[in-house]
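Working notes for the structure below.
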Amino acid sequence: MTIKLFKYALPTRFLGHPFKISSRFICADNNLDKLVDPQLKFPENEYFPQEEKRLKESSFSVQEFGFLQDSIFGSVSSKTETGKFPDDAFLVINAIRNGNDGFGERTEKALRLFREKLNPGLVVDVLRNIHNPELGVKFFKWAGRQIGYVHSESVYDALLDIIGCDVPEHFVHDIGKDDREVLGKLLNVLIRKCCRNGLWNSALQELGRLKDSGYKPSAATYNALLQVFLQVNRLETASLIYKEMSALNFKMDKHTINSFTRSLCKVGKWREALDLIEKEEFVPDTVIYTNMISGLCEGSFFEEAMNFLNLMRTISCIPNRVTYQVLLCALLNKRKLGRVKRVLNLMISEGCYPGQKIFNSLVHAYCRSGDYWYAYKLLKKMDGCGCQPGYVVYNILIGGICGNEELPSKDVLELAENVYSEMLTARLVLNKVNVVNFARCLCACGKYEDAFSIIKEMMSKGFVPDVSTYSKVIGFLCNASKVDKAFLLFQEMKRNGIVPDVYTYTILIDSFCKSGLIQQGRNWLNEMIQKGCTPNVVTYTAIIHAYLKQRKISDANELFESMLMQGCIPNVVTFTALIDGYCKAGHIEKACQIYARMKGSLDTPEVDLYFKVDLDGNKEPSVVTFGAMVDGLCKAHKVKEARDLLDVMLAEGCEPNHIVYDALIDGFCKVGKLDDAQEIFAKMSECGYSPSIYTYSSLIDRLFKDKRLDLAVKVLSKMLESSCPPNVVIYTEMVDGLCKVGKIDEAYKLMLMMEEKGCHPNVVTYTAMIDGFGKAGKVNKCLELIERMGNKGCAPNYITYSVAIKHCCAAGLLDEALQLLEEMKQISWPKHMASHLKVIEGFRREYLISLGILEDMSKNNFLPIIPVYRLLIDSYQRAGRLENAVELLKEISSSSSFPHLDKKMYSSLIECLSVSNKIDLAFELYVDMIKKGAVPELTDFVNLIKGLISMNKWENALELSESLYYMLHASKSTSIQLL
């Protein structure tokens, strides 16, 4: 493609948490200790002996938390030990440091004692712990002079670790002056070290220094140089190095020749690759042919790749499982599904069976193409290939059938039901997204009983229905405990001509409103009025409350007036609903005004609407009213006003219930006032209320935020003593808190223990643990946990995968990160905004903000998939794997879930491609950006021009510069005319 094509593609004009909590405790430690004093007695409630036994069996004993207490309390009083090393190395380092003569006679005299013990291992230990480059070099030189000792490569490597890869010239001079042969070996090791670290530019510079100093690179050095340049796709440079290497009669090792032939095949030079093998007198085997096939596939030379497969058989070089999987993956990526079938059949006929991940990808590809029957055939083949189908492949198949907006046909839905039955037999589970989608399809076909059966079965395996589930799937059900009977009875009543009474309508309206289906609730209200069934105050209150929570204040006021016109007098429940609704809608001042008017202490016209009629004493606040006010004030961080309201309640003889106390404790904990939380805790105990799970959760959360692990463990022990077994929320807070302070091992032990006691970790627990392992650098443990989740019936969600991908990228495991992305797209990719909102439930707001999720959702109102792609693209750029970065960018920019073009990603890649002499690919991105309606920046043109110049395409560079000049001139003229 010439520059002229791009010249006409140029645009015609150029356009240029609110409160800060102190880390210092507000209350003194001795006051806080009272909060968790083991001598503090709580009034005993009545309970059954059997229940007490069950609680004791399902909870941990205090002794079982010994590992936490020992670790946490031990860390308070003791300092962290420094790294240890062998005694001889310690003595050598002390002798060097205590000499105080700059490694003079006194130091050398002291070191004579260690001559007999001198060996490469001791020298390495000394170099890695001396922490002084000058002394390290002098010790290295001294050791090299000792009779019977010879430096090993590990010694050279340790020396470079202490002085750095950018070796100062005076060190080079000193070492060369002492022993030129040693210097030559050191520079060779330095080049190889630069290559291992991916510093190809530094490796070239050191190669020049090596030659300038009169030394020759070794065969190992040449092999290392070849590998690093092949890794960054600089085939031309690698070819020049190979010519120089061959001239010295050095041979490539097996790993290098594999890399070289693959790189040649990647650009279509497979004949040159075969010539290279022959020239190197290398006997080709399955491994090298597989690498060559992989290179041909990367370059989209599929015919040649198939020819190589046939060539292998003709020379009795049998393709293995890896060979076929390379072909399958490449064909899948390019959507060559017809060829995939042929290769798969050939593979299985020769006794090579795909792995589970390959089968998962195959099933996903055929589901996406609409060939569900072949996808199911593949699932059945897994057993015959010795590969047990797991939860991933079942979710892929059912999600592929039911996850589209268009409903599946009857026979395809029956296929999904058969797959679901097999999945249950295998004791596997659907994830949340697929439960909703599957049940939605069943409901659309009138299979209500089957839909509810799926939800009930998944609930028995740990699935918890949420608002989205109720609204999309079982919106006809009204009660969480008897939803099937309630709604089905309602339908049956209507079919039989029996008019439901006010109670039937009211419970349906209340349940649907609580699920967010207010309009359906309002329709039923209109229906019952039309049929002569008079709504009561509870019916109206349910809808008014729901309107207020959704900030539909005008609708709520209109319905309130309608209620008064119908002669329905509001009562204290109605006013409590008004207060609670306004609090949840963020209108705390209006809630306070209604409360004050109920008390008769304020006469403001702003709430006259609600007090038009004589209430006959029905406006005195109840304990529920006070509870709504206290909770609303605490959530608005007005804890002082909430505390004053508690005093009013006590003064008026209105006994606060545990809800009031819990709300106050949580409010004080949220703002860091633990001394006030202690006071409320004491009052709660004096009034006979035992702390609940909610109470302990608030305290533990605050203590972990303040990094008071010792007190958090005491609170947990108090829970156990009070026969209040922690639930999954408490355990998750503990696991998350321990991870955040770096106690990863203790967090993992706690997660295993909670599972042993029958409290199964949920997706938030696993995600917290995965994040903890990732921050500790244990990325392999992250990947193990994701696999463990599936085996334990807890499906990873979008947040889980995002966290794991982030840590894989940070650790340089880019292929693993990309594999996680593919798996996430197959089974946990939310297709709609509403379903995504449910996925993030249960995660803390601060945590979601750190992932960049809430910002994308609030600004753009689309699924926050960009942070994941942006991270992967940036990581591939840094690693020099620009083709992978380009593929990811094209994928996300063409996605319907991403309506806005990210120009920064395009510009960054265009710059990298131009610098790396991949100018054609850079121009492809430039054209793609323009086609999507974006206006390139001036820097994009500059980078393209620089790229053309670096490739000596001066004519094309001048043409592009000229086009840019005319474009800017035209833009300037247009601006002048407008003025």
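Using N, Cα and C of the backbone, Cβ positions are placed for all residues, glycine too.
Where the annotation comes from TrEMBL, it is an automatic prediction and has not been curated.
Now, the feature entries from TrEMBL:
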REPEAT    183-217  repeat 'PPR'
REPEAT    320-354  repeat 'PPR'
REPEAT    355-389  repeat 'PPR'
REPEAT    431-465  repeat 'PPR'
REPEAT    466-500  repeat 'PPR'
REPEAT    571-605  repeat 'PPR'
REPEAT    622-656  repeat 'PPR'
REPEAT    727-761  repeat 'PPR'
REPEAT    762-796  repeat 'PPR'
REPEAT    797-831  repeat 'PPR'
REPEAT    865-899  repeat 'PPR'
REPEAT    902-936  repeat 'PPR'
DSSP-derived helix, strand and coil totals, residue by residue, for the repeat 'PPR' (571-605): 26 helix, 0 strand, 9 coil
Best-contacting stretch, by C-beta pairs under 8 Å, relative to the repeat 'PPR' (797-831) and drawn from 431-465, 571-605, 727-761, 902-936: 431-465
Intrachain residues whose Cβ lies under 8 Å of the repeat 'PPR' (355-389), provided they are six or more past its termini: 321, 325, 328-329, 332, 335, 337, 340-341, 344, 348, 396-397, 399-401, 412, 415, 419, 426, 819, 822-823, 826
Beyond the flanks of the repeat 'PPR' (865-899) by 6 or more, those residues with Cβ under 8 Å of it: 198, 231-233, 298, 801-802, 805-806, 809, 812, 814, 817-818, 821, 824, 829, 831, 851-853, 856, 905-906, 908-909, 912-913, 916, 918, 921, 924-925, 928, 932
Contacting positions for the repeat 'PPR' (571-605) when only residues 6+ beyond its ends and CB under 8 Å are counted: 537-538, 540-542, 544-551, 553, 556, 611, 615, 618-622, 624-625, 628-629, 631-633, 635-636, 638
The repeat 'PPR' (762-796) in contact with the repeat 'PPR' (431-465), cutoff 8 A, at least 3 CB pairs, sep 6+: yes
Local confidence of the repeat 'PPR' (466-500) - pLDDT mean: 49
DSSP-assigned states of the repeat 'PPR' (622-656) in counts, ordered helix, strand, coil: 26 helix, 0 strand, 9 coil
For the repeat 'PPR' (762-796), the number of residues DSSP places in helix, strand and coil: 26 helix, 0 strand, 9 coil
Secondary structure tally of the repeat 'PPR' (797-831) (DSSP, helix then strand then coil): 27 helix, 0 strand, 8 coil
